[in-house]
Amino acid sequence: MEDDKDIYTKDGTLDIHKKPANKNKTGTWKACRFILGTECCERLAYYGMSTNLINYLEKQMNMENVSASKSVSNWSGTCYATPLIGAFIADAYLGRYWTIASFVVIYIAGMTLLTISASVPGLTPTCSGETCHATAGQTAITFIALYLIALGTGGIKPCVSSFGADQFDDTDEKEKESKSSFFNWFYFVINVGAMIASSVLVWIQMNVGWGWGLGVPTVAMAIAVVFFFAGSNFYRLQKPGGSPLTRMLQVIVASCRKSKVKIPEDESLLYENQDAESSIIGSRKLEHTKILTFFDKAAVETESDNKGAAKSSSWKLCTVTQVEELKALIRLLPIWATGIVFASVYSQMGTVFVLQGNTLDQHMGPNFKIPSASLSLFDTLSVLFWAPVYDKLIVPFARKYTGHERGFTQLQRIGIGLVISIFSMVSAGILEVARLNYVQTHNLYNEETIPMTIFWQVPQYFLVGCAEVFTFIGQLEFFYDQAPDAMRSLCSALSLTAIAFGNYLSTFLVTLVTKVTRSGGRPGWIAKNLNNGHLDYFFWLLAGLSFLNFLVYLWIAKWYTYKKTTGHAL
């Protein structure tokens, strides 16, 4: 009988037929190969459409560079904000598998509409030479398609990484160790898709046409759907645990109702379900922590709670695990906030890096011209280089000195990436200083491009990619690991909203800088003609903000308390 029990997972996961998940038939890498294939194709579709979006808006939709930059940042921000919707639905009602399955329909609808708007006569802008004129209706269709995609990705992005991690049982030490590698390879395949998008698809868009250039990503998304459903029999599914927002609100209400109640010194007197498992479906019990103690009042039993045989209302009395869920989320918020500036730095690859690249010599040999947006390929190559190097070389090397099983703690890993991101902005700033000096020396103010090769941008892209491997992958693992079991989609979405706010911060900074520096008839830092501007000042601003952000992060990380679990999930 003991052997029979050992073949099933102990984290409460089920198979697609709603039976306890068999370790030998479900989960681990045999399930993750389908999830990784899905993510690779979905990211190819996303980046195949988004990488060159600023050029599409500027050249096809005839938008001015500042307007195009803000539109891309706002849309990108929305793509990383909508995951809150998908995460709530996944954790509360559908579970991760069925949430992904539902939202891919919206995603494909948006991709299809965008492809049609770029290829069907009457819906495409009228062009005369290199100048295009989009009508209000054509612009509206384009943005409806884009925001359908943003909604669709909201149900996929917060669920797919958590769904992959669900395939490894935390109670099994061997599987738990493999989960850390999963996040590295998950980010690796994201960048395989991004590499194809930023090279092949951008070239198609600039040299063949936008119809084909957006049609191929749509087909890639369809292939992602096939990959996802093909693995259904191998997946382990976590049961949705009910609305986490309701549970957190119950703790707040109950603790406020008992604001005058004294918390017992003996924490064992706080209310908790007496069973081995948590009363929250899909969640293990959480140990009590001695921080944010005001919320412990929600778990203090009073005479009114014990009156009558009926179970006390959850709006009056909450379990310790329920209280600790709220505490865990609050503890994550300061770490989350420090990711906003990093995300703002990352977002420059799709906006001002491209605008800077447009002013440089894009020729590679006499006959081939590389699109400026394709330089993001070097960010991707950097990630593809550093992800396996980190997993296979850096972790074993660091483990010898730190004694930590992962080489670095998750917070140390994130911090290293924050430092590297500062140098990426310094690199971009140095290049812009050199570019402007060349313009001034040779009086090239009215030239669209100058004879400086675009490959001088490679270091700044490469540094951003290196920073991603440390910070973004570290955040993926950190927010999954530190999230309460029944709130993992929500906390994964929370990490993504930092990217959303980073994009919105970028929009705010561009708007503020443009308004202030263009006053009095001046060209401004981000001028219509960058040769007359000072884009280098914008990069110094971001480098300074990143440095201050890192100092704040160090203080926050020093005081962070990691969560502790007990028991098994229902």
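Glycine residues also receive a Cβ, built from the backbone N, Cα and C atoms like all the rest.
Small disclaimer: the values here were computed from a predicted structure and weren't measured.
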Note to self: Among the residue ranges 78-98, 414-434, I'd like the one that Swiss-Prot describes as transmembrane segment.
What the structure shows: 414-434
Check: For T99 (phosphothreonine), which DSSP three-state class applies?
Finding: helix
Checklist line | Same chain, 6+ residues apart, C-beta under 8 Å of the C-beta of T99 (phosphothreonine), given in sequence order | finding: G86, I89, A90, G155, C159, S489
Item checked: Of 210-230, 370-390, 414-434, 493-513, whichever stretch has the most CB pairs under 8 A to the transmembrane segment (182-202) -> 370-390
Item checked: Recorded stretches the transmembrane segment (100-120) and the transmembrane segment (335-355) touching, at least 3 CB pairs under 8 Å -> no
Next item on the list: Mind checking which residues of the chain, 6+ beyond the ends of the transmembrane segment (370-390), have their Cβ under 8 Å from one of its Cβ atoms?
Entry: 51-52, 54-55, 184-185, 187-188, 190-192, 194-195, 198-199, 202-203, 205-206, 349-350, 353-354, 356-358, 360, 362-364, 454-455, 457-458, 461-466, 468-470, 473
Note to self: Should anything in the same chain at least six residues away from the transmembrane segment (335-355) have a Cβ under 8 Å from its Cβ atoms, list it; otherwise answer none.
What the structure shows: 50-51, 53-55, 65, 69, 72-73, 76, 80, 372-373, 375-376, 379, 411, 414, 417-418, 421, 424-425, 428, 457, 460-461, 464, 467-468, 471-472, 475, 478-479, 494-495, 497-503, 505-506, 509-510, 526, 530, 535, 538, 542, 545-546, 549, 552-553, 556-557, 560
Next item on the list: Name the range, of those listed as 136-156, 414-434, 537-557, that has the largest tally of Cβ pairs under 8 Å with the transmembrane segment (454-474).
Entry: 414-434
Next item on the list: Residue list, the transmembrane segment (414-434) vs rest of chain: Cβ under 8 Å, 6 or more residues beyond ends.
Entry: 335, 338-339, 342, 345-346, 348, 353, 356, 408, 452, 456-457, 459-460, 463-464, 466-472, 474-475, 478, 535-536, 539-540, 542-543, 546-547, 549-550, 553-554, 557
